[in-house]
Amino acid sequence: MTVSVTGVVQGVGFRPFVYRTATENDLAGRVKNTGDGRVEIVLDGLQADVDGFLSALRTDPPPLARVENVVVEASEPAGLDTFEIVDSTDSSGGSGSIPPDTAMCDACLEDLRDPESRFHDYWATACVDCGPRYTVIRELPYDRPTTSMDDFPMCADCREDYEEPSDRRYHAQTIACPGCGPTLSLLDGDGSARADGDDAIERAGDRLADGDLVAIKGIGGTHLACDATDPAAVEALRERTGRPEKPFAVMAPDLATVESFAAVSDDERAALRDTRRPILLLDGRRTDRPRWLDAVSPGLHTVGVMLPYSGLHHLLFDHVDGPLVMTSANMPGVPMATDRASILADLDGVIDAALVHDREIVMRCDDSVARYAGGNRRFVRRSRGWVPESLPSPAETDRDVLALGAEFDATVALTQDGDVVPSQYLGDVDNPETVEYLRETVSHLRNLLGTDPDVVASDLHPDFLTTREAQKYASEGDMAGPVQVQHHHAHAASLLAERERERGVVIAADGTGYGPDGSIWGGEVLDATLADFERVGGLSTFSLPGGTAAIEQPARSLASLLDDEARIDELLVDRGALATESEAATVRRQVQAGVNTPATTSAGRLLDAVSALLDVCTDRSYEGEPAMKLESAAVDGAVLDYEIPFGTRDGNRVVDTRQFVRDLDALAGDHSTGDVAATAQWALARGLADVAVGIAADRGVDAVGFTGGVAYNDAITRTIRERVEAAGLDFLGHDRVPPGDGGIAYGQVAVASVRD
């Protein structure tokens with residue numbers, strides 16, 4: 001009998017599991033990995049024993065495995081007396097599922113702490129149930145020679161464990177120990193060696209305790225680290241990286257430490273401990289809030305937190321008291337450094353030291369970021385721990401699609417055997433370095449998955465580098481297209497595909513999206529299917545004086561929304577929102593003459609303008625800053641009595657943005673910033689929800705969804721959901737795909753799969 005198993009079945013201890021299960025059921029035979037990602041099993045034995053084997057195969061696989069399909073075929077007895085694991089079939093270009101990197105398991109952590117263990121204090125300890133996978137594999141089948149562990153031949157002891165069926169490191173491709181595995185070194189910022197091995201970790205801890213900035217090369221990437229509780233170290237990190245206000249993620253040694261500075265729900269507690277180990281955005285409000293949180297996450301009520309996920313992290317905390325800042329080790333616009341030379345070159349003048357190892361990171365993979373609200377998870381970034389797991393295909397189609405996503409917070413996605421595989425987070429694809437990273441990722445995934453796309457899809461924006469790359473892929477001759485997908489339709493399609501809906505009225509609210517009319521969309525109500533959409537409402541149009549300058553200086557947008565010149569002067573000049581009176585005068589002239597004032601319906605820019613109005617944030621130093629700080633200002637505020645202003649555009653109902661801002665300005669004279677901020681968020685959400693619910697009722701649509709970057713705002717999401725459900729409609733929100741631009745590629749795949 002021959003059994004073929006597909007799914008996440010390579011690199012997860014599946015062959016050792018098959019071996020043990022077969023021998024427990026008195027079966028002879030063999031098992032091997034195949035080059036197309038399957039596991040192939042030959043069985044000889046009694047039918048009752050085979051049935052018991054197949055039952056266990058389907059219902060009790062290894063922790064990291066995912067069995068998707070089991071095909072059983074009758075065959076002549078092989079005449080075997082024992083069961084064995086045999087050499088894998090050579091690569092045929094993939095088509096299997098590769099597991100993501102996972103956190104160190106409890107058993108390996110015990111070995112790490114056991115003075116009698118060969119793996120005591122060894123940073124790269126791993127087994128079949130944990131450790132790197134996606135970031136070390138070059139091609140299928142998943143065997144040591146096809147990973148970066150090929151550079152480290154096993155010692156006799158590791159070979160013995162590797163070949164012992166009862167050992168959990170049986171056929172663990174990343175098995176290593178201090179005698180044969182990757183080694184650590186501590187370098188000064190100029191590259192001179194300071195320590196090796198265990199001493200390197202201890203000395204790195206000492207440097208962190210002394211306030212130094214240390215680059216730490218980990219499993220799938222590199223972090224910039226410093227003592228989170230040391231204001232001088234955090235300030236130095238900000239100055240050297242040019243991130244004056246951007247929130248930094250924190251790694252805490254254990255859950256008890258996290259609970260000493262942040263509120264943690266049951267869902268969040270489980271997610272922090274999960275083998276995927278994402279960064280979670282936790283509520284940092286508390287009466288005894290430590291002062292260091294203000295330096296790590298300035299102006300925000302949330303803080304990004306994760307727990308250690310590698311042996312290196314656990315060992316480092318043996319020499320460090322308290323939490324560490326752990327932020328991606330890249331300068332703005334450049335992909336994260338992953339090898340010794342690039343770490344020293346890219347971070348020259350930034351780091352005081354670098355803790356590095358000599359195992360190649362084949363494919364970098366940033367940390368995942370998520371947020372929980374009301375028991376629901378929303379990805380900010382779906383990356384390490386999840387990639388390259390597949391998502392269900394949005395439609396039945398014979399097309400294989402490559403989608404290149406948007407420009408900011410980009411991912412790519414490919415279809416494979418009816419599923420969709422989104423890539424790791426790529427960052428902002430707006431320069432040659434990140435374009436090259438995108439191409440490397442596409443090539444790597446195509447190689448692993450064995451996909452040969454028929455068509456390439458992209459955003460509609462003509463100036464996005466991802467759009468131009470799609471045109472290049474098409475012109476290179478092996479793909480049709482590009483299929484261009486309007487930005488907010490891609491958001492809506494992503495949501496519909498994730499929730500397996502054919503149609504919905506979808507609120508798509510974000511900062512920027514190129515509209516078919518050439519204007520900047522961003523506050524839209526769409527009647528959408530995967531194939532098409534109709535714009536049926538949203539926000540009224542306002543202008544962005546100075547174009548992109550209005551994104552960096554939200555007071556410019558505010559000027560276009562107010563009609564009182566004296567009030568504009570007060571807001572723009574007296575508060576310092578713009579540098580000089582001359583600059584303010586230029587903005588006024590632009591507004592009056594309609595020169596260099598592109599039209600927009602952006603909900604993100606509207607929230608930015610409100611943030612400037614309330615003097616919460618008048619200059620943006622990172623993406624989303626004004627709106628994020630507005631959310632934090634509003635979190636303890638009370639919603640005031642307020643009548644939402646509506647108007648019409650092209651016969652469709654819209655929220656009147658100008659009247660909205662002028663009303664808020666009037667309220668600000670008599671009420672607290674928190675109350676007005678809370679009212680602004682409620683009114684925007686309720687207004688868009690009212691429009692969407694009305695459209696759904698008129699057209700007989702039973703579901704209303706919410707997507708786009710604004711969907712990260714808990715208060716706005718909650719208000720929309722409550723209004724939709726009160727109307728007796730289904731609310732559609734994201735759970736497996738980011739609502740922001742990290743989900744665009746998935747939506748593009750959905751559209752390109754069904755569009756004629």
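Note that Cβ sites are derived from N, Cα and C of the backbone, with glycine treated the same way.
Whatever TrEMBL says is automated annotation, not expert-curated.
Positions annotated as active site by TrEMBL: ARG15 (among others). According to DSSP, ARG15 (active site) is assigned to a helical segment. The Cβ of ARG15 (active site) lies under 8 Å from the Cβ of VAL31, LYS32, ASN33, VAL39, ILE85, HIS171, each of which sits 6+ residues away along the same chain.
Around the Cβ of ASN33 (active site), 27 further Cβ atoms fall within 10 Å across all displayed protein chains. The feature active site is assigned by TrEMBL to ASN33 (among others).
According to TrEMBL, the domain 'Acylphosphatase-like' annotation covers 1-87.
Taken from TrEMBL, the feature domain 'YrdC-like' covers 198-385.
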PLDDT averaged over every residue in the domain 'YrdC-like' (198-385): 96
